[in-house]
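Colleague: According to TrEMBL, the feature transmembrane segment maps to 12-28, 40-63, 172-197, 209-229, 241-261. Positions annotated as domain 'Rhodopsin' by TrEMBL: 24-243. Under the heading region 'Disordered', TrEMBL lists 276-327, 345-382. Taken from TrEMBL, the feature compositional bias 'Basic and acidic residues' covers 296-305, 359-370.
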């Protein structure tokens with residue numbers, strides 16, 4: 001097998017493995033009767049990007065581009081057919097860079113949606129979320145602009161003859177995308193660390209959660225590794241494409257593994273969570289926790305029953321040190337939500353707004369019980 005065939009095979013294998021991981025995430029949530037949230041819809045968008053990149057990069061690898069070293073250029077006979085193919089390949093290279101960036105930033109939003117549960121009820125919740133979203137938006141726009149900013153005039157991006165120069169190597173774009181990718185990934189890794197440090201649970205369980213939440217370090221390691229390699233092979237599109245395909249696979253694994261792990265735990269226990277996208281979930285599916293059934297929603301203007309039914313195990317405290325009573329502190333809520341976010345088994349939804357303060361307090365207390373019960377997943381030693 002020659003180098004080109006191996007690169008094409010690797011590209012297809014890595015890409016479809018990445019897609020398979022995302023499919024497993026979505027299918028597992030359906031099996032457990034979970035309602036799709038925004039993270040799942042971002043995942044669907046990432047799947048479309050990955051599928052589109054499979055097609056575009058295949059053509060790029062087979063037909064080639066205008067990015068060649070002097071020796072290769074001197075050895076080629078630039079027939080009309082050769083020029084046509086390399087022109088199309090060069091144009092698809094631009095498209096694939098847009099798709100690649102879109103895929104990575106969609107995956108960041110998926111992970112941010114999971115980590116959103118970490119910030120529930122913390123006083124800096126909104127500020128943190130909006131700050132992260134703002135940084136992601138600005139970095140996304142900057143990377144996309146860099147894709148089209150190196151060649152002037154613009155048609156040099158796909159000009160085959162005469163030699164368009166070094167702008168088609170897109171070295172500035174490579175460095176900028178890698179740098180912003182690392183920065184935003186570090187931001188995502190940092191989110192759970194303070195709560196993990198405060199988590200009152202045996203070291204091995206804390207380590208288990210920490211590993212799940214910091215898998216993003218793998219993406220950072222891959223990006224740092226491939227940056228000098230791609231830079232030293234600036235005229236090899238095959239080299240760049242192969243590394244990117246590997247990075248997309250690692251990103252898919254890192255982002256979706258916490259959710260897949262949580263769904264696997266639910267399926268293994270045989271107790272789907274029966275989530276709802278329109279109201280607070282009546283039963284968490286993880287323990288005999290509270291049932292919410294009465295309240296008045298301002299959004300819908302109608303009354304629903306919110307009744308709190310205690311389960312058989314509510315009087316017991318989990319050995320993690322998180323109280324299952326209604327007096328759980330905000331810091332404890334944050335810690336329990338750390339696990340909930342890791343395993344993606346809590347809806348993370350707020351109580352519906354009501355005009356009655358007593359109902360608000362009752363719903364909030366029940367919500368805290370439900371969130372604390374999520375920790376019991378880690379108590380399964382089988």
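One is the number of the first residue shown, and numbering goes on along the chain from there.
Each Cβ is built from the backbone N, Cα and C atoms, and glycine gets one as well.
In terms of burial and nearby residues, how do these features look in this structure?
Modeller: Panel annotation: around the transmembrane segment (12-28), residues 36, 40, 43-44, 46-47, 50-51, 53-54, 58, 245-246, 248-249, 251-253, 256, 259-260, 263-264, 267 of the same chain, lying at least six beyond its termini, place a Cβ under 8 Å from a Cβ of the stretch.
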Colleague: Of the listed stretches (172-197, 209-229, 241-261), which one yields the highest count of Cβ-Cβ distances below 8 Å with the transmembrane segment (40-63)?
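Modeller: Answer is 241-261, with the largest number of Cβ pairs below 8 Å.
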